[in-house]
Amino acid sequence: GFLLGITILLQIISGIFLGLHYTSDINSAYFSIFFIIREIYYGWCLRYLHSNASSFVFLFIFLHLGRAISYGSYFYNPNTWFSGIIIIFFLMGTAFMGYVLPLGQMSLWGVTVITNLLSAFPSLIEWLSGGHYIYNPTFKRFFVFHFLFPFLLCGFLLYHIFNLHFLSSNNPLRNSTNNKIAFFPFIISKDFYGMILISYLYLLQIHFGFSSFSHPDNALEACGLLTPLHIVPEWYFLCQYAMLKAVPNKNAGFIVLLTSIFVLFYFMRSLSISFYFIVWVTSRF
């Protein structure tokens, strides 16, 4: 959780500096990215820090979510669980809209595919995109929401930490034994070691693998007349992409995708019922 908070904080700080130089106009967005990389002092570092750190954010949030599931946090502290799932939703929305902003080939066609999933609802695409297709109002709206969502996320993050410390962190025994561990120097030293580790990972990725997480087609300027051979999202959305590809019907695939995300809200209730059922059955025998 500490590493996840550090990565989100780095994303917000780097995003603010990038937003000072980014132009959300559809005719200038692609070239403003190259202006940041080539002309701004250490702009290349900010740009690749921001683009690569999103992968680290989702890496740590998947590990954090897996830990919460394995430790039974949905049962031990449901308020922390629910606020954490809302944070995941905000991160997914922020990451998707941020991926669109560089206006590469994959960015343009990725947002075209996702917005077309809303075609089952009358006039929803026109209301969201500001027209009948992806154009200037769409990118301006996505930039505004991409800039505002992290600050809303910070509010839920504070609420998440408040609920966490109200009952203390969870552990495999599902009780509050963590309160007996001194915050200084034990927990501080552990978190400091993790911060040094991710700093090394950040430096290696920014300086040696700066574009390794991105699709090569996204380095090309977006063209509405040339469709990429394979429209694929970033690696952290490949699970949802596989669901859309597995279901032939577009509306059914969209329902399956939403269900796979919202099922996390019912995770606590369903597993708690299963837990009590198993306890009841074993007690009978």
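Each residue, glycine too, has its Cβ placed from N, Cα and C.
Per-residue pLDDT, averaged along the domain 'Cytochrome b/b6 N-terminal region profile' (1-173), amounts to 88 for this model. Residues annotated as domain 'Cytochrome b/b6 N-terminal region profile' in TrEMBL: 1-173.
According to TrEMBL, the domain 'Cytochrome b/b6 C-terminal region profile' annotation covers 173-285.
The transmembrane segment annotation in TrEMBL covers 56-75 (among others).
For the transmembrane segment (81-101), same-chain residues at least 6 beyond its ends with a Cβ under 8 Å from one of its own Cβ atoms are 8, 15, 22, 24, 29, 54, 57-58, 61, 64-65, 68, 73-74, 107-108, 110-111, 114, 139, 142-143, 145-146, 149-150, 152-153, 156-157, 159-160, 163, 233-234, 236-237, 261, 264-265, 267-268. Annotation comment: TrEMBL describes 81-101 (among others) as transmembrane segment.
Sequence-distant contacts of the transmembrane segment (108-130), counting only residues of its own chain at least 6 positions beyond either end whose CB sits under 8 Å from a CB of the stretch, comprise 96, 99-100, 136-138, 141-142, 222-224, 227-228, 231, 233, 244, 250-251, 253-254, 257. What TrEMBL lists as transmembrane segment is 108-130 (among others).
TrEMBL lists 142-162 (among others) with the feature transmembrane segment.
The transmembrane segment annotation in TrEMBL covers 183-203 (among others).
Annotation source TrEMBL lists transmembrane segment at 252-279 (among others).
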Problem - Residues from the same chain, set at least six apart from the ends of the transmembrane segment (142-162), whose C-beta lies under 8 A from its own - result: 5, 8, 11-12, 15, 19, 22, 24, 80, 83-84, 86-87, 90-91, 93-94, 97-98, 100-101, 111
